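These notes are about the structure you will find just below.
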Amino acid sequence: MESEIASEFLPFCRIYKDGRVERLIGTDTIPASLDPTYDVVSKDVIYSPENNLSVRLFLPHKSTKLTAGNKLPLLIYIHGGAWIIESPFSPLYHNYLTEVVKSANCLAVSVQYRRAPEDPVPAAYEDVWSAIQWIFAHSNGSGPVDWINKHADFGKVFLGGDSAGGNISHHMAMKAGKEKKLDLKIKGIAVVHPAFWGTDPVDEYDVQDKETRSGIAEIWEKIASPNSVNGTDDPLFNVNGSGSDFSGLGCDKVLVAVAGKDVFVRQGLAYAAKLEKCEWEGTVEVVEEEGEDHVFHLQNPKSDKALKFLKKFVEFIIG
């Protein structure tokens, strides 16, 4: 007999009374491949045996035939999915990172992290931080992964992520800036359609609709981060809150991308404005695509606007 449903958090998942979690979207996977058909090869490597977590690496095929002196920009990518769905192995992210690596001629490391509800926030942040340290352990050329040892330019390290991954990217750069003794030098972060929120709208143009605001709050408070003391004003979610300070952000430049129809658009713009006003000495670039919705560049990657953003993202990495 099928288990009884305890709760549903549409469109993401369904939780049964026996504790089983059924993800309703974002579950498809595609294998890594050393086939150079698309000019990019990929492979999976475990970085956290204790949690059975891997990274998926993407490398331009031509680089596999070159010497160790062929150093490439390194993109550490953090997928989105409301802290609940998706992975580096989904077609959505595999195909996107393939295009980014092909266009930017960079090495990309796409990070798997534990997801809610089985492992609620802050597990995802802890895992990504662990992965970043694992990646930087290759900076002296003696790490466990040859691709990183041979091809990563640790003077050109970028973090990038969309939605929840954009949120995590910001917090990782903040942590890198704070943990100076670790010497994790990050050149820039790309914060794409970041999932930032709060109890109150950031301005008069932010989402005012109570049903929408309560729906996002429910996802955060009941499934993504049920242990948050302050609900949607948790500093991990409400980065634009009055108590936040970006002056210690550990990177030189930030690309903030927002979409006009996205519920997070005003939060993203407020984030960029706060960066520009604080004592952080880096540079901020804002890319706003009117008439588009959340992660449109992933959902419709061949559209003119998606290709336009891909070009901007690539310029950010190689510029």
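Each position is counted from 1, following the chain as shown.
Including glycine, each Cβ sits where the backbone N, Cα and C put it.
Copied over from Swiss-Prot, here are the features:
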MOD_RES   Met1  N-acetylmethionine
ACT_SITE  Ser163  active site
ACT_SITE  Asp262  active site
ACT_SITE  His294  active site
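If you draw a 10 Å sphere around the CB of Asp262 (active site), it holds 23 other CB atoms from the protein chains shown. Minimal Cβ crowding within 10 Å, among the active-site residues Ser163, His294, is found at His294. Here the C-alpha separation of His294 (active site) and Asp262 (active site) works out to 5 Å. Rounded to a whole number, the C-alpha distance linking Asp262 (active site) with Ser163 (active site) is 10 angstrom. Classification of Ser163 (active site) by DSSP places it in coil, neither helical nor stranded. DSSP assigns Asp262 (active site) to coil in the three-state reduction, outside any helix or strand.
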